[in-house]
């Protein structure tokens, strides 16, 4: 199956990344990516952009040469209460919010704390998807998290970079998440987690896992712009008419 949506990319606004949004566009066109989200790190990361960066994303065109650009953030889950590092009052400026654990903001501790923090973020209503939940540095009760994600209609990310260089040891956890999501009715999203444009739309490992698990295609948000946009609208995000023809 051809996947045409990438929900996790970073730009030079996160200074450990190396591409601009403009850099992503020709690669998106060449690879058949119809829609991608720009999701720079939330402000509590040391090298993240100021929250004004996210507030000002409205200056971006919706569609450039047939490629749609979603305005997003990879926020940080800050504590066991599931709070994230983006002001509620500006949330409407974004099309989607992804959130996850990052060591500089939430130091790894124990499975029970990680699990409760992630479930509380899911329950908060603010988070549309959870980034790299299979990170072995943050062990979780997979069944409990996936059950909450299914109940609250929050997508779980398969992060392709976790299998190659970012989070070694993720594969078994991600496989278990896919199987639990299949059985419990949760949605999956695919993220390249590109920190340079050359990896946009690389879902090699994501595709392999969902194929091996016989995961239902209709719960994979990367399959089409409409699949992702319908999911976000079902969560109360605004309809974006400019994306009608993607």
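Keep in mind that glycine also has a Cβ here, set from the backbone N, Cα and C atoms.
Together with 74, 102, Swiss-Prot lists one candidate of 22, 132, 205 for binding Zn(2+) 3, that being 132.
Going by what Swiss-Prot states, the Zn(2+) 1 site holds 8, 10, 74, and the candidate of 193, 218, 230, 245 recorded there is 193.
Together with 16, 195, Swiss-Prot lists one candidate of 41, 50, 214 for binding Zn(2+) 2, that being 41. Taking the mean position of the Cβ atoms of 74, 102, 132 as the Zn(2+) 3 site, the remaining same-chain residues with a Cβ inside 8 Å of that point are 41, 76, 98, 99, 100, 101, 131, 193.
When the binding-site residues 8, 16, 195 are scored by other C-beta atoms within 10 Å, 8 scores highest. Taking residue 132 (Zn(2+) 3 binding site) as the reference point, the binding-site residues whose C-alpha atoms are within 10 Å of its C-alpha, out of 10, 41, 193, 195, are 193.
Each of the binding-site residues 74, 193 was assessed for Cβ neighbours inside 10 Å, and the highest tally belongs to 74.
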